[in-house]
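Engineer: Checked Swiss-Prot, it gives:
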| type | residues | note |
| --- | --- | --- |
| COMPBIAS | 1-22 | compositional bias 'Basic and acidic residues' |
| MOD_RES | Ala2 | N-acetylalanine |
| MOD_RES | Ser9 | phosphoserine |
| MOD_RES | Lys13 | N6-succinyllysine |
| ACT_SITE | His75 | active site |
| ACT_SITE | Asn148 | active site |
| MOD_RES | Lys221 | N6-succinyllysine |
| MOD_RES | Lys233 | N6-acetyllysine |
| MOD_RES | Ser417 | phosphoserine |
| MOD_RES | Ser434 | phosphoserine |
| MOD_RES | Lys480 | N6-succinyllysine |
| MOD_RES | Lys480 | N6-acetyllysine |
| MOD_RES | Lys499 | N6-acetyllysine |
| MOD_RES | Thr511 | phosphothreonine |
| MOD_RES | Ser517 | phosphoserine |
| MOTIF | 524-527 | motif 'Microbody targeting signal' |
Amino acid sequence: MADNRDPASDQMKHWKEQRAAQKPDILTTGSGNPIGDKLNILTAGPRGPLLVQDVVFTDEMAHFDRERIPERVVHAKGAGAFGYFEVTHDITRFSKAKVFEHVGKRTPIAVRFSTVAGESGSADTVRDPRGFAVKFYTEDGNWDLVGNNTPIFFIRDAILFPSFIHSQKRNPQTHLKDPDMVWDFWSLRPESLHQVSFLFSDRGIPDGHRHMNGYGSHTFKLVNEKGEAVYCKFHYKTDQGIKNLSVEDAARLPQEDPDYGIRDLFNAIATGNYPSWTFYIQVMTFQEAEAFPFNPFDLTKVWPHSEYPLIPVGKLVLNRNPVNYFAEVEQMAFDPSNMPPGIEPSPDKMLQGRLFGYPDTHRHRLGANYLQIPVNCPFRARVANYQRDGPMCFQDNQGGAPNYYPNSFSAPEQTHSALEHCTRYSGDVQRFNSANEDNVTQVRTFYLNVLNEEERKRLCENIAGHLKDAQLFIQKKAVKNFSDVHPDYGARIQALLDKYNAEXPENAVHTYVQAGSHLAAREKANL
């Protein structure tokens, strides 16, 4: 209703009210030249052709033609906000990172929430993992904690990531989401069982972005002032309480408000209802890692809280909406390799792959100088290096300072305090197959002990409701994997699939032939 609008709907009204005492700015071209007429093109006579000297038109049109930048290959649809991280508990015994320097310290942060597989115009309420990335602007440079709303992931080896994402995206011929592709990949990679079970549980469709937890997911390394190191995992638990959408509400909202999550976050912050999350770590010593019953760097598994309890660290608070979405959210770029001294990577194979993949895609999407974009700029540190030039270099390019190292002219020098922790590794160099590294034990615990009976029922209904659209041989492979977790898990899904399959005509397998095939016309007619 026009008389009962939320802050997001009234953004234009509020912008005008904030400038009520000001005169409108004079309209200009991109180069700052005043414009006398923005409504009528320059032509030779009222019915004549336009003139190429109409720079008002060409300036506007040329910029319009270049407004769009490449969409993120994953996490394209997102919401962003800004705030601070405040330390509430001392963990300097574990890490020398300045972000944890003392209780009460506040560090500015930027956060981006997102879905994974959908395009930038897709709905916020799909069943999909949610990205939950946090950028800490520290005095030692930016720290990007590029997490999700799940503590686990579908795969444990980074070489599978492109194929996994392709399977979740659109079919290369039909350009449709394809259940065959989705479930074929999942069924062939049973390490996905844990994340698939989480995804199809009630938490698979969070109620907006404020009511879900966040996780760094990977295993990281913390290093203290003495050079002592431990492994750790990061958790951020919502202070608003966990809330999820029902399947029915999630199906209704894309028609009514496909941007439900963005709107909810914007309105909460605009009305002073600032969302917050409590930040925790789990810690594991190197000795404990050696004796751990499974690979502690396996992204498809969690560390049991009973053995590695959550240690409180601080609070994440979001108290500012973006001033401009494109400038501060679309151009925001997170890079897991942005780690200040005191925080380092572990041998987690997925993390190792992301250390390269993320900055590489940012350079493609935003350009070689993407770290000069204000939202990505480490504004609390002084950038001093030997990198120069490149497209869209809009700072001073470090003036006349030497652009080579080493040099004899008092240019930036390395600092011993930033040296990485010394870690010893040994073993044969080869491609190790991790496909069969106990893919079911933790999933069984999740199914039997974490979920109650009603949640198990909904989980199986959600899985069957999606799996029913895949071919029968793929259904069979998937059900076997669920049965390996627990016979009841597979049996429930199979019973539901039997009902679906009895109602629908028998699955047909279609064969597609490339143009120029040497098949005889008669053979083609039988396809």
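Numbering starts at 1 and runs along the chain as it is shown here.
Just so you know, glycine gets a Cβ as well, placed from its N, Cα and C.
These numbers come from a predicted model, not from an experiment.
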Engineer: What does DSSP give as the helix, strand and coil breakdown of the compositional bias 'Basic and acidic residues' (1-22)?
Structural biologist: 8 helix, 0 strand, 14 coil
Engineer: Can you tell me whether DSSP puts Lys233 (N6-acetyllysine) in helix, strand or coil?
Structural biologist: strand
Engineer: Please state whether DSSP places Lys480 (N6-succinyllysine) in a helix, a strand or coil.
Structural biologist: helix
Engineer: Rank the recorded positions Asn148, Ser417, Ser434 by how many other Cβ atoms lie within 10 Å of each Cβ and give me the one with the fewest.
Structural biologist: Ser417
Engineer: Check the motif 'Microbody targeting signal' (524-527) for me and report the mean pLDDT.
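Structural biologist: Here the predicted model's pLDDT, averaged over the motif 'Microbody targeting signal' (524-527), is 41.
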Engineer: Could you tell me which three-state DSSP class Ser434 (phosphoserine) falls into?
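Structural biologist: DSSP assigns Ser434 (phosphoserine) to coil.
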Engineer: Which one is it: of the recorded positions Lys13, His75, Lys221, Lys233, which Cβ has the fewest other Cβ atoms within 10 Å in this structure?
Structural biologist: Lys13
Engineer: Suppose we draw a 10 Å sphere around the Cβ of Lys499 (N6-acetyllysine). How many other Cβ atoms does it contain, all chains included?
Structural biologist: 10
Engineer: How big is the Cα-to-Cα gap, in Å, between Lys499 (N6-acetyllysine) and Lys480 (N6-succinyllysine)?
Structural biologist: 18
Engineer: Three states by DSSP: which one describes Lys499 (N6-acetyllysine)?
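Structural biologist: Once the DSSP labels are grouped into three classes, Lys499 (N6-acetyllysine) ends up as helix.
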Engineer: Compare the Cα of Ser417 (phosphoserine) against each of the modified residues Lys13, Lys221, Ser434 and report the nearest.
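Structural biologist: That would be Lys221, the closest of Lys13, Lys221, Ser434 to Ser417 (phosphoserine).
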Engineer: If you measure from the Cα of His75 (active site), which of the modified residues Lys233, Ser434, Lys480 is the nearest?
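Structural biologist: Looking at Cα distances from His75 (active site), the smallest one goes to Lys233.
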